[in-house]
Amino acid sequence: MASGSVAECLQQETTCPVCLQYFVEPMMLDCGHNICCACLARCWGAAETNVSCPQCRETFPQRHMRPNRHLANVTQLVKQLRTERPSGPGGEMGVCEKHREPLKLYCEQDQMPICVVCDRSREHRGHSVLPLEEAVEGFKEQIQNRLDHLRRVKDLKKRRRAQGEQARAELLSLTQMEREKIVWEFEQLYHSLKEHEYRLLARLEELDLAIYNSINGAITQFSCNISHLSGLIAQLEEKQQQPTRELLQDIGDTLSRAERIRIPEPWITPPDLQEKIHIFAQKCLFLTESLKQFTEKMQSDMEKIQELREAQLYSVDVTLDPDTAYPSLILSDNLRQVRYSYLQQDLPDNPERFNLFPCVLGSPCFIAGRHYWEVEVGDKAKWTIGVCEDSVCRKGGVTSAPQNGFWAVSLWYGKEYWALTSPMTALPLRTPLQRVGIFLDYDAGEVSFYNVTERCHTFTFSHATFCGPVRPYFSLSYSGGKSAAPLIICPMSGIDGFSGHVGNHGHSMETSP
């Protein structure tokens, strides 16, 4: 490449597209372009959101930029090379202003071209000096290295941006699918309710017709009777006002006709109509209660799913610590299952091991933050799970209660669920626990338990005071039958459509060997 072309390329790479001058404090944007800090300040003003790149016009939701120190260094080198560029015919450098000798050398300490007299002077004595051409080639190589680095970073940024755009498109596609599902489900629900509405309204129309047909004849008869009575009353009123001779004429017949009129029986609504209306009212009441229960259950289920999902965001990988296991507890090779055996293993009685009760602790330890894991208890008749402080007594008997550093729930005799508070709290569960979720919020002092199968909350220990690291806690004993099955720590990846934990905002200490 000709030197002029190289110079032009260097000039373009180190020039701000806004002020068209050498970069001063270049700042890299998310789109990969570089702009002077002052130029960005003029372009963006006081705006903090929805700012755009002055070069490509890509819009960013928030104001975000990073100093590009590599480009700043390259710019300084290019500016320095321009000031040191050979001048005059033949491409020779100028002369030293002090000694009037050609500038053929370069002092690395002072970063300036010097002449041979300067090289021998006291000012540059002991300095590292290179031929000017060699120094220029070195600088060009440095510039090229930095340009290569910047181009690699730019390409990487472009790939990251493409990955972000792809992720955004995929996530938006998922939300669109969920949106379509919601619209479809509610349309089906709407059509179903509309059909029930039409049926009920049609039944009301039938009732209206039955009422009209049943009562209309009686009403017509009453109307005729009323008309007849009106005529008779008019005759009697007229007779009452007649002179004596006329009044006495046909008086017997007139009074006889009046006496034959009987008082009507009390009105009685046809019983079959009353029964039909009562049945319909019961249907409407059932409809009202059903819709109310449906709405409440839907809201409750949505809240349950949300609460459990929020806990599952903090899922951690829990394993069993064999150094803590009671000798009758058999651990699986992957340290995720534990079962009880009547035959005790010959294990060292190290300080960490429980020696009286069939207990084992999990790893890791937790010293802050939020953490969630799940345990498959199956049909076991007796078990205890939860958390405990790492400092709990391992030797001899100890009551599993908060004052002793334990926060756990337990099943006794296959039917009695208890929260091991002090005193204990009975848990009247509607369905047996098969899979239990444990959520530890260390900083808030809370330990919560969930029925994962039913997606509902079971119990929460509040206002707990943790004195040091906290660990998962497991205890079980043998009762025969199905209860001989192991407790299983469930792998969290992919459970119920959940893929791994999004983020564990806390701290833990690994304790497994």
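Cβ atoms here come from the backbone N, Cα and C positions, even for glycine.
Feature annotation from Swiss-Prot assigns Zn(2+) binding site to CYS96, HIS99, CYS118, HIS124; the stated evidence is sequence analysis. Annotation comment: Swiss-Prot describes 132-171, 282-311 as coiled coil, evidence class sequence analysis. The domain 'B30.2/SPRY' feature in Swiss-Prot is assigned to 298-492; the stated evidence is sequence analysis. Swiss-Prot lists 16-57, 91-132 with the feature zinc finger, giving sequence analysis as the kind of evidence.
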Around the Zn(2+) site recorded as CYS96, HIS99, CYS118, HIS124, what other same-chain residues have a C-beta within 8 angstroms of the site's C-beta center? LYS98, GLU101, ILE114, CYS115, VAL116, VAL117, ASP119, SER121, GLU123
In three-state DSSP terms, the structure that HIS99 (Zn(2+) binding site) belongs to: coil
Cβ distance under 8 Å to CYS96 (Zn(2+) binding site), same chain, sequence separation 6 or more: which residues? PRO102, LEU103, ILE114, CYS115, VAL117, CYS118
Over all shown protein chains, what is the count of other CB atoms within 10 A of the CB belonging to HIS99 (Zn(2+) binding site)? 14
Which value does the mean pLDDT take for the coiled coil (132-171) in this predicted structure? 92
